[in-house]
C-alpha cells in the first residue's frame, strides 16, 4: 500500500468515524517505519529462543547494541517473526537476508441481537439441539477493539472453570478482570505496559463478541427499541479477547501478534470484524498470513467482507482459507416518521430515541442557510463550516448528506432530515434525525417550496416488519475478487443490519461529543456484525463435529445456505453479493457431504496462481515449493464448495471443475446430481458421474462439472446451482461464470 493518508471507517451503530492514519507508521525515530519481518515457521530445535534471535537480527542490521526501542513485537508462539522500526535501507538489508521470508509495512486496518438468531432458525427451546457440555469447551477468539467484561452478556454465572485445553492468560491490564466466560484477554494497542487494557472504549468489540457467544439476556433493548432476549450463537461458549484496535485504527503488526497468541492459546474459531482499506496480495495481508497458520492447526478464521458495496470487486477478504461474510437485512427494521406541517407523513429510516413531543419546528434547507464563504453545493450537503448558526438555530435542517449533522447540532439545530444514501439501514444520531428515500425527500423539498412557513416534527422510531428479507445490504462489499478471479467471494451472508447486541458504556452510542447517553445494548450495522454471526454458527457446528477441519465446517455452512437475492442488476445482484446464500445454522450441522481441503491443497492452489516458492513460503511459513507439475494446478480446481470462472465474454468456452466430496451423512446413501439453471441461461452444464453411491462414512468420491457456452457477454454473470441430493440432504453449490469488459 502506498504511503500517505488513508481513512479508517468504524461502523459503530451506523456511525462512520473517519480517522486519519499513515499506512506505515512514522514516529519519533526520523524516517523509521514499522515493518513486519516474517521468518516463517518456528524452528523445531529446543534450544531456539525467538526473542533472542529477533534481537540479534536487529542488532546485526542496525549496528546498534540497544534495540529495545526498535523491536515492536516478537512473534514466537505459532509462527516466527517480529515487527520493528526500520529505515528503508535497513528494510532492504533485512529483506536480502537468506533466512528472512518477507518484510512488509504494518498497515492500518479498519473495523468494519434480539431477533437475528431467531430469524435464522436458531431459536432457544427444545426444538434447537445443543450439547452444552461441548459448547462450554468451545472457545471463540475475538480480534477486535476489546470488550466490556462487566456486561451481563459476559457474566460467568453457571460457568465452570475454563476448558483444560485453554493455554492462554488474562492480560487485560488495569481495570480489567476476566472470569469463566471471558477467559482470556490481551491488549496490543498500548504504548506501555502501564497503559495496557483490553477494555473496549468504542463498543465495537463488545458488540461483535456478544453476537458470537454472548449469554442470553432478557429484556435487552436500546431505549425500548428491539426489546427481547439478546444472545449469541453459542451462549455457553467461552470468549478470548485480543484487542488490536483503538481510536487510531488497527495495526497490522498487532494483528499478527493476536493471531500468534490466539492460535497458541487454543481457540477453536477466530472472529475478525476488521478489513484492510485496500486489497493487498496474500503475502502482504496480515489476516491472510495469520489465518493460514490458524487453518494449518485446525482453527477456522471468519472475516468481514467489507463495507464498500455495492461497487464490484470491493471484497477484501479473498483468501480461500478465510471464511468471508457479507451482510444481509433481517425481517426487522426501524423507521422514524416525519410529520409535515400540512399533516402529510413521510416514512424515514432511523434509530431515533429522541421525542420532540409532537412539536412542529421550522424547516430550513442547508443551501438556504449557507455562510457567504461557502458554496451553495457544499451548504446543500451541510458540510462543516458552511452553515450559518443564526439561520439553523431552533430549526430542523434538511441536508443532502450526513456530512454536517454534528455541525448542525453544534450550531443549535433541533433536528435534521437527510437524504438517505443507504435506504436499507437505519442510523443512530445524537439528536432527532430521519433519513428519507429520494422520492420522499423530493416530496419534502416540494412542500417547503409550496409554503412560507414550512414546519415538521420527527417522531421516535418504531419497529416494522421487513417482508423482503433476507436481502443483501447495499453497503456489503461485492466480488469478484481482484486477487483470485476463479474463487467466488464473499462466501456466505449473515445478518448485519440493525443488530441489537451488547455495547460498552465507556462509549456513547454515536461517539459524538454531544451524545451523553451510555447504554448496555446498542444497534449497529455492517459486515462487522455479520461476521460474528457466522463465527457463532461455525462454533455451533463444531460442537456437533469436534473433529471436523475448518474446511469441513465452512463447507457445511456454505452448502446448506438459503438461496437468496440482491437488489440491482449486473454483478452487484448475483452470487458476487451473497456467495453461497444466507447462513442456516440448523441445516449446517447435518450437510450430508462436505468439500474438504488440506494445507497441501491450498499450497497447490497458490502455486497455480504462479506463486514462486519464495512467495509461497511467505504465506505458508515452511519449506513448501512450487514444482512445475504443481504450478499447472488450475485455481478453479481447488476443492471449494462453490465453482467460479472468468472467461471471455465474446468467445465460445468449455471449462471444467474437478471436485471431491466426503460423506458425513448416512453410511449408505446414493446422491443424484441436479443442475438448476435460471430462465434464459446460456450455459450448458454436464456432471460426470451423475450418481455418487456412498458405502461408508468419510468415503470420498470425485466428479467433474463441464460448463460451456457460445458466449455470455460482459454485463451480467451467468449462474446455476449444482445440487447433490439423497432425498434427505440437498448439498447445493453455486456455479458462476463471468466476463468483465
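Backbone N, Cα and C atoms are what each Cβ position is placed from, and that goes for glycine too.
Per Swiss-Prot, the features are:
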- 144: active site, charge relay system (ACT_SITE)
- 204: active site, charge relay system (ACT_SITE)
- 528: active site, charge relay system (ACT_SITE)
- 34-111: domain 'Inhibitor I9' (DOMAIN)
- 116-589: domain 'Peptidase S8' (DOMAIN)
- 359-445: domain 'PA' (DOMAIN)
- 175: N-linked glycosylation site (CARBOHYD)
- 195: N-linked glycosylation site (CARBOHYD)
- 227: N-linked glycosylation site (CARBOHYD)
- 357: N-linked glycosylation site (CARBOHYD)
- 449: N-linked glycosylation site (CARBOHYD)
- 565: N-linked glycosylation site (CARBOHYD)
- 610: N-linked glycosylation site (CARBOHYD)
- 623: N-linked glycosylation site (CARBOHYD)
- 654: N-linked glycosylation site (CARBOHYD)
- 1-24: signal peptide (SIGNAL)
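Positions of the features from Swiss-Prot, shown on the structure.
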residue	record	Cβ contacts under 8 Å, 6 or more apart
175	N-linked glycosylation site	197, 199
195	N-linked glycosylation site	173, 174
357	N-linked glycosylation site	none
449	N-linked glycosylation site	none
610	N-linked glycosylation site	631
623	N-linked glycosylation site	617
654	N-linked glycosylation site	706, 707, 708
- In three-state DSSP terms, residue 357 (N-linked glycosylation site) is classed as coil
- Message: For the recorded positions listed here (204, 227, 528), tell me which residue's CB has the most neighbouring CB atoms inside 10 Å.
- Response: 528
- Simplified DSSP label at residue 528 (active site, charge relay system) comes out helix
- Note on the structure: For residue 204 (active site, charge relay system), the close recorded positions (Cα within 10 Å) drawn from 144, 528, 565 turn out to be 144, 528
- Message: With helix taken as DSSP H, G or I, strand as E or B and everything else coil, how many residues of the domain 'Inhibitor I9' (34-111) land in each class?
- Response: 21 helix, 27 strand, 30 coil
- Task: Specify the count of other C-beta atoms within 10 Å of the C-beta of residue 565 (N-linked glycosylation site).
- Result: 15
- Message: So among 144, 227, 565, all listed as recorded positions, which is physically nearest to residue 528 (active site, charge relay system)? Use the C-alpha atoms.
- Response: 144
- Can you grab the distance from residue 565 (N-linked glycosylation site) over to residue 144 (active site, charge relay system)? Cα atoms, rounded to a whole Å. 30
- Message: Please report the distance from the Cα of residue 144 (active site, charge relay system) to the Cα of residue 227 (N-linked glycosylation site), rounded to the nearest angstrom.
- Response: 26
